[in-house]
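Asks: Attaching a single structure in structure tokens format; questions to follow.
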Amino acid sequence: MMGLDLLVSLLALSVSPCIAATRSPLQIPVLDTQPIETGREFTLRHMLHHGTYRDPLLHKRLDIRPDTLLWAASENGEKRESVPRFRVSSRPINIHRLSDRHVSVVEDYLSIARMTSSAVTLSSDYWTLDEVDAPDVTDKETVLSLAKMTSNAYIMIPGSGEWFDVVPPFNHSDSFGWDSDGLRGHIYSDNTNSTIVVVLKGTSAAIFDGGGTTTNDKVNDNLFFSCCCAQGGHYFWRQVCDCYSSTYTCNTACVRKALRQENRYYRAALNLYSNITAMYPQSNIWVTGHSLGGAVSSLLGMTYGLPVVTFEAVPEALPASRLGLPPPPGTDPSSPQARNYTGAYHFGHTADPIYMGTCNGATSVCTLGGYAMESSCHTGQLCTYDTVEDFGWRVGIGTHRIREVITDVIERYDDVPTCAPFTECVDCNNWKFFESNETTPTPTTTTTSTSTRTRTSTCKTPGWWGCLDPTTTPTTTATTSTTSTSTCKTPGWFGCKDPTTTSTVPTASPAPTITPTSPPTTTASTTSTCESPGWFGCNDPTSTTTFPVPSTTSTSTPCSTPGWFWGCRDQTTTTSASPPITSPP
């Protein structure tokens, strides 16, 4: 461990830009040190905005006074209302977390993970199992209040407030539309400032590209919840990085680098938390959120060991395994869904395909909208309303909106569901992942078959089915040579029509053998080379010798009058020779 301590010490010597940038001189003390009440009222105190894509260094804070009027911009439109109040109950729970959770220490661990491409392994001395105060997820009013906190995105009525720069100003106030790009956090506090509820804004209501942060949410969704940056899947998925190697093969080091960039929601959430702990150093912090905001809330809770309650959150175990979060002793960093005592509770219902991890088919609304929702595993415990079985609902994206969840699910049920972990879940089981330096190109093997035809010479006498020139074809097993005595001058349909010369050497015929058979007749046939081929044989005249008929010798001459299609039309001459006469016995 000495080497690790030395590395951590060296990292601590350098000032991290994101840490220094999020320090705020504002500190709000705890007003009452009495034991924490079971039920408390929470009101909106601050709104924090952290830039991501266009202004990653932007960090602003808006303080809310009790008499401040707000525009409540919800999925059902905008309306004016006063600062809301919510009643929340608490109960103690156990959370397995780091003993030293200072922002600088945790950032050092994350920096080591970035450099080594693996999470830091710490001994049990660095960990503790704490009993902390957390929202009572068995109380319906508490669950309903937390859900309502996540439902609205509040904006100030023009002229009633001013955004302050948390970091030194970079003239972002003069940049039009800065408030539509980034991660928004709403800070609720009880009357004594002993407990703070951080609400992170999730995916915009519109599935397809539109106003607000919808496009940025899509990029973060596809980074967090796809197996490989929305690559290797459906055509409509929006690709957000280039880490795909081959079929179902992905470079995890490349994905980790993309997830940890400064313009991503996880990094923005870490910076928001850094500023919140600077403002409330002695307060107990809870985190909640809906959809993408719920997933980011869970990742933030796992990083710092915070109580988390989410609603219809996207399954977040996959990005948790890639962010380099320090795992407790005896746990697998690649399977955070198997961890116990995380302090995270995920509320959802069975008709929501995003919460259930099934919004990834070829014709699903998520896919058609460009979202690659391939993850299906949650960390912590699942608190699931079975609306499909109880109410006969059909699975649909319309049931994902938080307003419908509040009115049609949470308020409709008399009790909250029982929460339980699901540790046997597996993400991307058909993919292969490897570690590689991003600067080194991944070798790709391509097999190419080339067919080449080689002609030995130019054909001088083409025919109907090939070349009539004399050729020599060498083979490895046998050699066949076809030799023509002369070049064909008169090619025909099925061969050469040039006249040929055949020489026949007379040979004395032996005496026939007489066999006592009735009738004693023996036939011998002698045929020379066929000069007139026919359709089913040779049309040359044949000579047949039947004893005691004299033998016949046929002499052929070159054809002077060839036929129209085949054969020779010359007259043939036959010479008969008398066999030798033997004396009678």
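Using the three backbone atoms N, Cα and C, a Cβ is placed for every residue, glycine included.
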Asks: Out of 446-472, 473-499, 500-526, let me know the one Swiss-Prot marks region 'Disordered'.
Replies: 500-526
Asks: Just to verify a number: CA distance, ASN340 (N-linked glycosylation site) to ASN193 (N-linked glycosylation site), in angstrom, no decimals.
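Replies: So the Cα of ASN193 (N-linked glycosylation site) lies 29 Å away from that of ASN340 (N-linked glycosylation site).
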Asks: State which of the following glycosylation sites has the fewest other Cβ atoms within 10 Å around its Cβ: ASN193, ASN275, ASN340.
Replies: ASN340
Asks: Please give me the CB contact count at 10 A for SER291 (active site, charge relay system), counting all chains in the structure.
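Replies: Step by step: centre on the Cβ of SER291 (active site, charge relay system), count other Cβ atoms within 10 Å, giving 27.
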Asks: Measuring Cα to Cα, how far is ASN275 (N-linked glycosylation site) from ASN193 (N-linked glycosylation site) in Å?
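Replies: Approximately 16 Å lies between the Cα of ASN275 (N-linked glycosylation site) and that of ASN193 (N-linked glycosylation site).
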Asks: Do me a favour and check the Cα-Cα span between ASN193 (N-linked glycosylation site) and SER291 (active site, charge relay system); whole Å is fine.
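Replies: So the alpha carbons of ASN193 (N-linked glycosylation site) and SER291 (active site, charge relay system) sit roughly 27 Å from each other.
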